[in-house]
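Residues or ranges marked as signal peptide by TrEMBL: 1-19. Taken from TrEMBL, the feature domain 'Peptidase A1' covers 86-406. Summarising the annotation, TrEMBL assigns active site to 104, 296. The annotation disulfide bond is assigned in TrEMBL to 117-121.
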Ligand SMILES: *[C@@H]1O[C@H](CO)[C@@H](O)[C@H](O)[C@H]1NC(C)=O
Ligand SMILES: *[C@@H]1O[C@H](CO)[C@@H](O)[C@H](O)[C@H]1NC(C)=O
Ligand SMILES: *[C@@H]1O[C@H](CO)[C@@H](O)[C@H](O)[C@H]1NC(C)=O
Ligand SMILES: *[C@@H]1O[C@H](CO)[C@@H](O)[C@H](O)[C@H]1NC(C)=O
């Protein structure tokens, strides 16, 4: 439904402005007499244009593909609350109004809080349907459940723009109820970058419309995420790195990108974990579907099966299972530099000791960023979030479906821990023409880990979607 309309728009915009000589129509059964034609008055350029358009037209009609004009976009990210989450910006409606949204490869719906949101929406910009001339209310209920909460509202359709791309009839949830703690000002909602198969709305995700229509130069998206967890004087919102659509930015990685095919038909971005070492020692974990890991930008930490997590901490002398609100986590001596490395079939990728060390809970003990995940309901056994993804350049490829990782470049690494202004909302190379509502003041960063840990713990028993904020 979405893709055909999008293709039409793409086709119109690519051929609107050239005078195209077209062959005379021939109706069925009519014979054409061969005749010598008078020399054409068309210039060589006219014929060239005609020939190119004819080729594109016929190739599209018969399902082939032809190289299209290069089409790539970037969105600068914001790192919220010392690596708790990473958000970007998009715009909805006519005229476009910009919103900050969590970029989440672990789910597949787009939603934003709307003006009627009374629960969980304080101090954020909200979507006002009455101020968009292209808004369409689909009048169907929308409800998405994540590990850390739920968003409820109704389905709508409007123009959505991001990083210079536009989908004229994107379905999204206009949400009026959000679980407490799911949104932290200034974030208004979430953009799911997983596959349609896991969309609560059943609609084609924004990215998938663009990837499948051949709009992008390369059918992929990528992330470079910054690290502030061990930096000093961290503000609530810091520069978060880069999200690209349609290309990989070769300034941000070195060497080659190692792609691994998805473990199942596309749903989550699911890879099979092939090996893991802690302090250089192999960790034993269940294989088969129990080793499937969702590669998830919307999850802060790394969750895995209890037995595997136990085996990880067994390699760290002095570690102990957490108690009380830290149940499911482990503590370990802060003085230990924990080196975890993970492989999904290709190279082994290291997680820095800084990312492993989530927070300090006593004079000597710290909490580790790998926790016990009780999965169920078809949720993946492992969820590999930002704790891991900050250490690599990550690529999410539509076709053939795969996730790729590469080493970060010096340029990318140099952005870690460098405090600065968070990027302002954009919908392309220019700032959005309008911004909704007020963004209010910054959250209290001193209490960030307790809030954060609380939502994760509440989520442990019932992980359904991919996001753990
Ligand atoms: C869409 O219509 C439903 C009723 O069918 C209403 O409850 C909802 O508020 C409307 N949404 C918007 C964003 O106007
Ligand atoms: C690639 O990343 C570098 C470093 O952030 C940036 O300067 C450059 O503009 C990016 N290139 C593109 C095409 O976005
Ligand atoms: C760990 O296991 C991998 C295979 O999964 C093997 O190639 C490697 O040699 C093992 N490393 C150690 C230190 O035992
Ligand atoms: C933070 O951790 C990274 C990765 O281990 C390290 O390179 C960097 O020096 C650390 N920064 C500080 C301020 O300790």
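Just so it is clear, glycine is given a Cβ too, placed from its N, Cα and C backbone atoms.
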Legend entry - Residue, out of the active-site residues 104, 296, whose Cβ gathers the largest set of other Cβ atoms within 10 Å: 296
Inset, instruction - Find the shortest Cα-Cα separation between residue 296 (active site) and the recorded positions 104, 117, 121, and name the residue that gives it. - result: 104
Inset, instruction - Just jot down the residues in the same chain as residue 117 (disulfide bond), at least 6 apart in sequence, with C-beta under 8 A of its C-beta; none if empty. - result: 126, 153, 175, 176, 177, 178
Legend entry - Number of Cβ atoms other than its own within 10 Å, given for residue 121 (disulfide bond): 24
Legend entry - DSSP-derived structure type at residue 104 (active site), helix or strand or else coil: strand
